[in-house]
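Asks: Once you've had a glance at the structure underneath, I'll fire off some questions.
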Amino acid sequence: MPHRTIHLFRKGLRLHDNPTLLAALESSEVVYPVYILDRKFMTSVMRVGDLRWHFLLQSLEDLQKNLCQLGSCLLVIQGEYESVLRDHIQKWNITQVTLDAEMEPFYKEMEASIRRLGEELGFEVLSLVGHSLYDTKRILDLNSGTPPLTYKRFLHILSLLGDPEVPVRNLTAEDFQRCRPPDPGLAECYRVPLPVDLTISLESLSPWRGGETEGLQRLEQHLTDQGWVASFTKPRTIPNSLLPSTTGLSPYFSMGCLSVRTFFYRLSNICAQAKHHSLPPVSLQGQLLWREFFYTVASATPNFTKMAGNPICLQINWREDAERLHKWRTAQTGFPWIDAIMTQLRQEGWIHHLARHAVACFLTRGDLWISWEEGMKVFEELLLDADYSINAGNWMWLSASAFFHQYTRIFCPVRFGRRTDPEGQYVRKYLPILKNFPSKYIYEPWTASEEEQKQAGCIIGQDYPFPMVNHKEASDHNLQLMKQVREEQYRTAQLTRDDTDDPMEIKVKRDHSEESISKGKVARMTE
Ligand code: FAD
């Protein structure tokens with residue numbers, strides 16, 4: 001008997017490479033494509049900020065349009081997940097719910113509760129993996145049931161597994177014609193809400209427009225430049241270019257408007273035709289594998305987004321300081337490079353990877369010694385691409401709480417930005433109050449004389465703050481704290497480290513004594 005199916009979109013807001021929706025269409029006489037807009041869940045669990053709300057609504061609007069073109073429609077039902085499902089399963093005589101399998105604990109719990117509801121009300125549940133390259137369970141199985149904790153080990157396991165599943169075919173009008181669409185009246189009743197309906201500020205609009213159509217266009221644009229794709233080397237991309245120097249596709253992957261498998265295989269084709277191409281970890285495929293790495297580790301690490309109870313994370317006595325955190329968050333640190341990045345983040349919802357490095361290091365082990373969890377929460381609210389596993393994984397990395405071990409490398413909030421943008425065009429764009437300073441002062445305007453400040457139309461301490469810390473003193477102090485933590489928690493630090501990771505740390509390991517470290521054999525590098 002063919003099913004009467006609700007296909008529940010959570011991420012996966014697309015019609016290309018959507019294995020779960022394809023399976024729904026192949027097994028049903030009627031399919032209701034549904035998005036449950038549970039505002040409480042989105043705000044309290046997912047911490048969705050205004051920019052991401054806009055991106056989500058645009059993505060739903062696009063999905064609705066694309067479904068309509070294939071003879072179906074999207075039904076956006078507002079309310080609490082379980083009660084919406086309970087109501088509509090009975091109303092529409094549903095026999096099957098299909099949904100993408102996700103790995104975040106809150107989504108897993110949601111799937112478990114839908115399965116319980118299925119047992120109670122008598123419907124089946126089908127979930128397939130569509131958001132990552134691999135089913136992370138297969139990776140864990142090959143690694144004796146535990147996550148590989150280093151990228152190198154991870155790549156080794158993948159080499160045993162072979163290539164990821166190939167994308168499924170794009171959905172067509174024929175797929176939808178094989179089963180009945182929902183009644184036309186329903187689409188009218190359950191339309192995509194407008195931002196005003198949800199009281200979302202209209203002021204905050206990012207240059208990134210949500211949706212599969214826009215995501216695919218951006219992807220195609222990048223792929224036309226095959227030389228750029230083949231030679232992509234992440235560390236050579238520029239954090240302060242005025243347009244993204246990397247693909248800028250992360251918001252589309254994060255919401256599932258784009259399939260990572262589609263991107264992966266398109267990259268494979270380009271690399272296969274290129275005479276030379278870059279390799280992981282720095283190539284574009286290498287970036288997707290970083291994503292996969294964090295997904296895998298997060299899927300099997302308790303309390304992955306927290307320090308306490310997280311077995312791979314160093315336990316650090318971070319400073320609680322709401323005032324300092326507020327200054328960082330609201331771009332008032334007094335370091336133009338840091339404040340420009342935080343302004344771009346607030347205005348646009350996307351910043352370059354190395355810009356994320358700069359502000360994350362500054363907040364945590366570099367200058368302020370504030371917990372990475374606080375930074376992660378701010379990113380979660382402000383980033384369009386906010387992602388449970390990648391965000392937490394990278395915050396642990398940058399704070400040297402896990403994965404990253406060259407903790408003596410501390411980014412300088414003055415020199416880092418200057419290296420790739422000596423004229424400070426990026427700072428001038430995002431902090432217009434500083435735009436008239438000569439280039440030699442743009443990263444440290446407090447060093448300009450009073451006269452020069454007057455000429456630039458900006459008095460430091462009045463129109464723009466003084467630096468909130470002395471970087472040299474703060475980072476020296478924090479480096480000592482970090483050395484001590486790593487000595488005391490040597491075993492935890494080793495869990496996420498490859499032997500070949502860092503020659504300086506190997507030295508520490510070999511003559512592992514307090515003396516060798518305190519005598520300064522570990523050179524400090526301020527990048
Ligand atoms: P590209 O360089 O073009 O890479 C292509 C894709 O690979 C990205 O879209 C992304 O899906 C993946 N990718 C790239 N770098 C990484 C990485 N280091 N780890 C995992 N996956 C990666 N990325 C998110 O998608 N969501 C987050 O919440 C997030 N939080 C971060 C927090 C911090 C503190 C840091 C340092 C990085 C974070 N990143 C996050 C990773 C990375 O910065 C972004 O994925 C990348 O900058 C997105 O830009 P892009 O699409 O142009 O990347």
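Even glycines carry a Cβ here, placed using N, Cα and C.
Quantities reported herein were computed from a predicted structural model and do not represent experimental measurements.
Sharing the feature lines straight out of TrEMBL:
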DOMAIN    3-133  domain 'Photolyase/cryptochrome alpha/beta'
BINDING   246-250, 287-294, 385-387  FAD binding site
SITE      Trp318  site 'Electron transfer via tryptophanyl radical'
SITE      Trp372  site 'Electron transfer via tryptophanyl radical'
SITE      Trp395  site 'Electron transfer via tryptophanyl radical'
REGION    495-527  region 'Disordered'
COMPBIAS  504-527  compositional bias 'Basic and acidic residues'
Asks: DSSP helix, strand and coil counts for the domain 'Photolyase/cryptochrome alpha/beta' (3-133)?
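Replies: Final tally across the stretch: 63 helix, 33 strand, 35 coil.
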Asks: Between Trp372 (site 'Electron transfer via tryptophanyl radical') and Gly248 (FAD binding site), what C-alpha distance do you get in Å?
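Replies: About 24 Å separate the Cα atoms of these two residues.
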Asks: Give the distance between the Cα atoms of Gly248 (FAD binding site) and Trp395 (site 'Electron transfer via tryptophanyl radical'), rounded to the nearest whole Å.
Replies: 19
Asks: Of Glu292, Trp318, Trp372, listed as recorded positions, which ones have a Cβ less than 6 Å away from ligand 1?
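Replies: Result: none.
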Asks: Mean pLDDT for the domain 'Photolyase/cryptochrome alpha/beta' (3-133), rounded to an integer?
Replies: 97
Asks: List the Cα distance (Å, whole number) between Trp290 (FAD binding site) and Trp395 (site 'Electron transfer via tryptophanyl radical').
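Replies: Trp290 (FAD binding site) and Trp395 (site 'Electron transfer via tryptophanyl radical') have their Cα atoms 14 Å apart.
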Asks: Which has the fewest other Cβ atoms within 10 Å: Thr246, Ser250, the binding-site residues listed?
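Replies: Counting other Cβ atoms within 10 Å of each of the binding-site residues Thr246, Ser250, the minimum falls on Thr246.
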Asks: If you count other CB atoms within 10 A of each CB, which of Phe294, Trp318 wins among these recorded positions?
Replies: Phe294
Asks: To the nearest Å, how far is the Cα of Ala386 (FAD binding site) from the Cα of Trp395 (site 'Electron transfer via tryptophanyl radical')?
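Replies: With distance taken Cα to Cα, Trp395 (site 'Electron transfer via tryptophanyl radical') is 12 Å from Ala386 (FAD binding site).
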Asks: Counting other Cβ atoms within 10 Å of each Cβ, which of the recorded positions Trp290, Trp372, Trp395 scores lowest?
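Replies: Minimum Cβ neighbour count within 10 Å, taken over the recorded positions Trp290, Trp372, Trp395, occurs at Trp290.
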Asks: To the nearest whole angstrom, what is the C-alpha distance linking Trp318 (site 'Electron transfer via tryptophanyl radical') and Trp395 (site 'Electron transfer via tryptophanyl radical')?
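Replies: Between the Cα atoms of Trp318 (site 'Electron transfer via tryptophanyl radical') and Trp395 (site 'Electron transfer via tryptophanyl radical'), the distance comes to 14 Å.
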Asks: Using a 10 Å radius around each Cβ and all protein chains in view, which of these binding-site residues has the most neighbours: Leu288, Ala386?
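Replies: Answer by Cβ density within 10 Å: Ala386.
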Asks: Give me the Cα-Cα distance between Ser250 (FAD binding site) and Trp395 (site 'Electron transfer via tryptophanyl radical'), rounded to a whole Å.
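Replies: That separation, Cα to Cα, works out to 17 Å.
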Asks: Counting Cβ neighbours within 10 Å across all chains shown, tell me which of the binding-site residues Gly248, Glu292 comes out on top.
Replies: Glu292
